[in-house]
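Undergrad: Okay, here's the structure, questions in a sec.
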2 protein chains.
Amino acid sequence: MKQLSTNDTNFTQAFAAILSQRENNTSSVSEQVREILTEIRHKGDTALFAYTQQFDKVAISETTLRVKDTEILDAWNSLSSSLREALILAAQRIESFHKTQIPENIKYTDQAGVLLGMKWLPLDAVGLYVPGGKAAYPSSVLMNAIPAKVAGVKRMAMCVPTPAGQLNPLVLAAAKQAGVTEIYRVGGAQAIGAMAYGTKSIAPVDRIVGPGNAYVAEAKRQVFGYVGIDSIAGPSEVVIIADAQNSPQHIAMDLLAQAEHDEMAQSILMTDDESFAKQVIEEVYKTLIDLPRAAIAKTSWENHGAVIIVKNWQEALELVNQIAPEHLELMVEHPKTLFEGVRHAGSVFMGHLCPEAIGDYVAGPNHVLPTNRTARFASGLSVFDFLKRTTFMETSANSLRRIGPAGVTLAEAEGLHAHAASIALRLKDLDPLP
Amino acid sequence: MKQLSTNDTNFTQAFAAILSQRENNTSSVSEQVREILTEIRHKGDTALFAYTQQFDKVAISETTLRVKDTEILDAWNSLSSSLREALILAAQRIESFHKTQIPENIKYTDQAGVLLGMKWLPLDAVGLYVPGGKAAYPSSVLMNAIPAKVAGVKRMAMCVPTPAGQLNPLVLAAAKQAGVTEIYRVGGAQAIGAMAYGTKSIAPVDRIVGPGNAYVAEAKRQVFGYVGIDSIAGPSEVVIIADAQNSPQHIAMDLLAQAEHDEMAQSILMTDDESFAKQVIEEVYKTLIDLPRAAIAKTSWENHGAVIIVKNWQEALELVNQIAPEHLELMVEHPKTLFEGVRHAGSVFMGHLCPEAIGDYVAGPNHVLPTNRTARFASGLSVFDFLKRTTFMETSANSLRRIGPAGVTLAEAEGLHAHAASIALRLKDLDPLP
């Protein structure tokens, strides 16, 4: 863990080091992934089943590839009622928030008499990737599937690897709650290839979303353009701006909640109170010991954690806007005022009583967020990821007369004479003005 | 050119062949691009200037890299007044349409008492790539830069190669009209690398947009994730649904307007009238001869053009939704009714008097559109490409009591105990209910 103060003489370099240490690089697996994708594309199911045998040590066939409806139902019934109720509450709240994102179509006739507009339409088919094993999170299933459902996507296909045959019933239960029933037990680059190009057993989709390991990320990068993808997820991160009014224990737990994700996760505390910072650091080490994922959290905190003493919140905001964090907690007295100055962040958690974990599960906004400084240009998953826009226009005789000649001039200037003529011919053939 | 009828016994296969023949593949240049990007990243300006010497045969330095304001002004003044007026009209109409896209922020307190919201914010800095030479289109400069300006992007940097030192004054004039003044005379993968990673002379940007050759497309694919990119542009295409009420000459010119773009462009006519189809085909060959770009248009039409006889418009719509064309002309009596059934298209041009070229220049909607069947999942360039979303939330004591326990349950089920504890600790420390 690094301790910095904006007063340090070498602060700029030390802060830059924190920013640059965690870049994603999947190019080392790119050749292997290219080969897998080519095989899937040309050999379909045969290649898909062979890779699944090779990587997941599972023999699957056309008849066992798809998870049966009874398995999904059994998984749902195997949950405790409190867990079922929690999944239902989370799903309802996620659905409710994402419904507020549904955008309006545009349609109007402008002053020149041209009808103009833009129509939002859902994608036909979406592929949801869910990692297997320890990182198989039911909350991620909800967060990926529900926005697609709200957008009006008719077909949602899910791929989840079952290493050594194991499949987390919570993942199946979450899929059921989100309305996903087309689930295949395959994963890795081969699953991405199958969803992108289609095989005999898996019909192709139009966009693939969901997190995965380096192979999955590189496969998504390579199929991008043939299908749509969401952003390439990197390690998760949080910045917490906290005043000394917070319980050090609360803030320490928030830092550790981020750190327990994986060894590459990053937790950064910014505070204006040096003794509060010391208390939090003490609490982190004290609490760490008892966590089931203590080893992961400790590695993350020691390698990537940071505590930065700032002179004031304005200074903190400037640093935040350079980091563009995935998660930002504003644990201060007037979080809304501070929020006004945030230019780049995936999601913001305001006030002493709103830890980031609330947003991971039950608040409603999406927890699939831009990592690794990409909040500079990217956004969390949303209904917009499952919609697309079609623009449209109609010119009348009069409006063509008003705007057509400028079109002819520009087309001629670009040397595109058929473009120009397609407008000019129609202008010529119009009846003379009355 | 292929002539098909939905009555043909082999129609399905013949139609599938039309769909699959034009896939983009940039993987053949991927190693070379990777090397260029690595060099740019590590050696900055030195590598940028060396590649520019090598590929564009131009010696540039720190002092000559950036186009001077006086050069931009001279370019503007060199245009005829009709061309200046056409650029101004086009820019005003593009700006006006894109302003209607600016979305509303969301902010509300829900029934559980949780404050929820989503805020749209502009990107800080955007890079605009403009191809050099014959494909340097001023209209594309307007279409790429104006949505960024409308979104509120403060810094717009443009790169345009100047092979053998040549720079199209129309491009500079369009840049001036769109408000772009930071213009660098570099291109290719090296320009994409410079904008993504930054060099001493070119500050890094957050998102790169604009068309380019295979090297530029592959470079954008490789920097994706480090910065944002727009979609990878493929060859352009149009589908025209036309009844026999159209002038065959008009429709032939519309088909040729698409074909004159490049040899890979695709023009498809769908009509319910066989003799009208014959007349159009005759007109295409008759008109072709006199076009300045006859050779390009002829190759495009012969290799990729198609005329499909359909029984009715419903059949045409089904084919259109399989093609997901970049451009769709509905040259029929009731285009709005037909438009209701369009599920996948980049932009739609309605009625006998609205050729696609109107949208290329002066209608207002963007002409940067999804090619190569990607309208299944992608959209034309818009204000949304230069905005991003930050979600936010705030829980009060009461709302934390209502939704917190479900969060604890889900976090425990996922084995993320610090997540659970970050909520549970706050619930425990709340004052007892009054």
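Note: Cβ is positioned from N, Cα and C throughout, glycine not excepted.
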Undergrad: Given that TrEMBL assigns B:Gln258, B:His261, B:His419 to the Zn(2+) site, pick the one from B:Asp124, B:Asp206, B:Asp360, B:Asp385 that the record assigns to that site as well.
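TA: Zn(2+) site check in TrEMBL: besides B:Gln258, B:His261, B:His419, the record includes B:Asp360 out of B:Asp124, B:Asp206, B:Asp360, B:Asp385.
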Undergrad: If TrEMBL gives B:Gln258, B:His261, B:His327, B:Asp360, B:Glu414, B:His419 as binding substrate, which of B:Ser236, B:Ser379, B:Ser382 does it give for that site as well?
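TA: Answer per TrEMBL: B:Ser236.
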Undergrad: Note down the number of other Cβ atoms within 10 Å of the Cβ of B:His419 (substrate binding site), including every protein chain shown.
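TA: Here the count is 29.
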Undergrad: Max Cα distance spanning B:Tyr129, B:Gln190, B:Asn213 (NAD(+) binders), Å?
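TA: 13 Å is the greatest Cα spacing among the residues binding NAD(+).
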Undergrad: Secondary structure at B:Tyr129 (NAD(+) binding site) (DSSP, helix/strand/coil)?
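TA: In three-state terms, B:Tyr129 (NAD(+) binding site) counts as strand.
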Undergrad: Check the Cα distances from B:Tyr129 (NAD(+) binding site) to each of the binding-site residues B:Ser236, B:Gln258, B:His327, B:Asp360, B:Glu414 and keep only the ones within 10 Å.
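TA: Matched binding-site residues: none.
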Undergrad: Given the recorded positions B:Gln190, B:Asn213, B:Glu326, which lie close to B:Ser236 (substrate binding site), meaning Cα to Cα within 10 A?
TA: B:Glu326
Undergrad: Under a three-state reading of DSSP, tell me whether B:Glu326 (active site, proton acceptor) is helix, strand or coil.
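TA: Assignment for B:Glu326 (active site, proton acceptor) reads coil.
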Undergrad: Rounded to an integer, what is the Cα-Cα distance in Å between B:Gln258 (substrate binding site) and B:Glu326 (active site, proton acceptor)?
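TA: Distance (Cα to Cα, whole Å): 11 Å.
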Undergrad: According to DSSP, does B:Gln258 (substrate binding site) sit in a helix, a strand, or coil?
TA: helix
